[in-house]
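See below for the structure under consideration.
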Amino acid sequence: MSNKPSQLTAGKKLRDADKMSHIPIKVVPSNKSTLLKKPSWMKIKLSSDNTRVNEIKAALRKNNLHSVCEEASCPNLNECFNHGTATFMILGDICTRRCPFCDVGHGKPLAVDANEPKKLAETIKDMKLKYVVITSVDRDDLRDGGAQHFADCIREIRLLNPEIKIEILVPDFKGRMDKALACFEQDLPDVFNHNLETAPHLYKQVRPGADYKWSLKLLQKFKEKHPHIPTKSGLMVGLGETNEDIEQVLTDLRAHDVNMLTLGQYLQPSLDHLAVQRFVPPSEFDELGVKAKALGFDQAACGPLVRSSYHADLQASGQEVK
């Protein structure tokens, strides 16, 4: 069966090996015996009290909403849910891209749910959240890449939750940047986040379909239009990059006026995904954090378990996050 979007069945989600077929650089499935052993600093303590976790999951199921925490198999799910924060994933749970580092399913998405913005706003109100992160799958099938739906969500959330802070973690809106950015003119977030993910020489393998310079330009153009709103980006380490590669990406981000940074360890979601090439020790994350601050980032959350939205509320308020 071909994996070209036009020949996919709408609503059918491809995972793991099915998702990885026909990407530019073939991913050879890992052998368990050759996997790098997870170091002690990557071990996570799970809370024995899952009451809050179950409450949030129930609220998501009730309103047919998705969290990237679950869809991307984030290691911090329990901690964040118990903290009372969640990153909501809009526009469905099927992505039109098939990045081999990501655990979100690929396929032909269903039509956009026009009621999702209101359902999302009501869920956030019921959960009494003060800070939310809204992200999405890539929707290359939509004329604006889903930007207007983001804006609709921001507007509806603010109507029911006037004191809330909203961070959006957007896709690259490739081929439709101006159209996408125009959608946010009346409904702005408190933080605009778009992840570069990795060094440019790894893009063909790690982010097929994406373009490093395009992503930098997206961050820069939003900042030019809205200089008072912080821009943010994130990177994974352990995919074959060097620390010098990372430092160059940080330099590029600052050259494009990005204010906030997240830097965390890549973890392999399944044997069919890209393998971890190295586990970066906490001391190196600390050093990279120091260099990031020296380059002029207002906030730099650098640590093995840091993810784009990990304690995003604390980072946005200026607190140190590791």
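From the backbone N, Cα and C atoms, a Cβ is placed for every residue, glycine too.
As written in Swiss-Prot, here are the features:
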BINDING   Cys69, Cys74, Cys80, Ser309  [4Fe-4S] cluster 1 binding site
BINDING   Cys95, Cys99, Cys102  [4Fe-4S] cluster 2 binding site
DOMAIN    81-298  domain 'Radical SAM core'
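Feature map: annotations from Swiss-Prot on the structure.
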residue : record                          : CB count, 10 Å
Cys95   : [4Fe-4S] cluster 2 binding site : 25
Cys99   : [4Fe-4S] cluster 2 binding site : 23
Cys102  : [4Fe-4S] cluster 2 binding site : 23
Ser309  : [4Fe-4S] cluster 1 binding site : 29
Residue pair Cys102 ([4Fe-4S] cluster 2 binding site), Ser309 ([4Fe-4S] cluster 1 binding site) - Cα distance, angstrom, rounded: 15
Cys99 ([4Fe-4S] cluster 2 binding site) and Ser309 ([4Fe-4S] cluster 1 binding site), Cα-Cα, nearest whole angstrom: 19
Per-region confidence, the domain 'Radical SAM core' (81-298) (mean pLDDT, whole number): 95
Mapped DSSP class for Cys102 ([4Fe-4S] cluster 2 binding site), helix or strand or coil: coil
Three-class DSSP secondary structure - Ser309 ([4Fe-4S] cluster 1 binding site): coil
